[in-house]
Amino acid sequence: MSIIVALDAKSQYDALKIVEQLDPTLCRVKVGKELFTHEGPSVVKKLQEENFEVFLDLKFHDIPNTTAQAVCAAADLGVWMVNVHASGGRKMMETCVERLKAGNYQTQLIAVTVLTSMGREDLKDIGLDIEPVEQVKRLAKLTKESGLDGVVCSAQEAKILRELIGQDFSLVTPGIRPEGSNADDQKRIVTPKQAMLDGSTHLVIGRPITNAENPTEMLKSILASIA
């Protein structure tokens, strides 16, 4: 399944109301920091009870041992995917991979490169005088070398990364907006069809689906556009 629906909800109740209108055979769902902080692991279990595979989007970033423990705790919940910040470095990422393998977990582990809301000036503010795409390339290569399953990247960078890294690597792309949607707070955006053509393997889509009058029909429309 290529579509991951971002559950931008504050409560378990709101999240479950959203997934009531979705088909778990057509999409996976993403639980982020706000929802998980409000509701904890119970919201993951409830979504799994509704047969949804969960991407736990908590972007762990800490010393290697602490990050690996957090990743394994997420895997203990049975989530399909979890992520870390690639800027945590090689040792941090390699430790996470080693612990997942040691525990025989099936959870996919990916890394965040450059947040999609960040442009060159934002990077400059934190001491990186570099174009976002160059930093993305650097961190994506490090992620692959560290043994992770993929990265989060913008669709504009997907084609470059596919050529740089090869086929056996997931490119999970937020900032996806169907034709006519608002950009909201994502700076580097593109349509679902173009993202898939450029090499993305999974598309993270939130408000265009969850705020639609009929979320299932919107989801089916997006799937048809990338078929």
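Each residue, glycine too, has its Cβ placed from N, Cα and C.
The structure displayed is predicted, hence computed values, not measured ones.
Database features (Swiss-Prot):
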- Asp8, Lys30, 57-66, Thr116, Arg177, Gln186, 206-207: substrate binding site (BINDING)
- Lys59: active site, proton donor (ACT_SITE)
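For Leu58 (substrate binding site), the number of other Cβ atoms no farther than 10 Å from its own Cβ, over all displayed protein chains, is 17. Take the binding-site residues Pro64, Gly206: by the count of other Cβ atoms within 10 Å of each Cβ, the lowest one is Pro64. The separation of Lys59 (active site, proton donor) from Asp8 (substrate binding site), Cα to Cα, is 16 Å.
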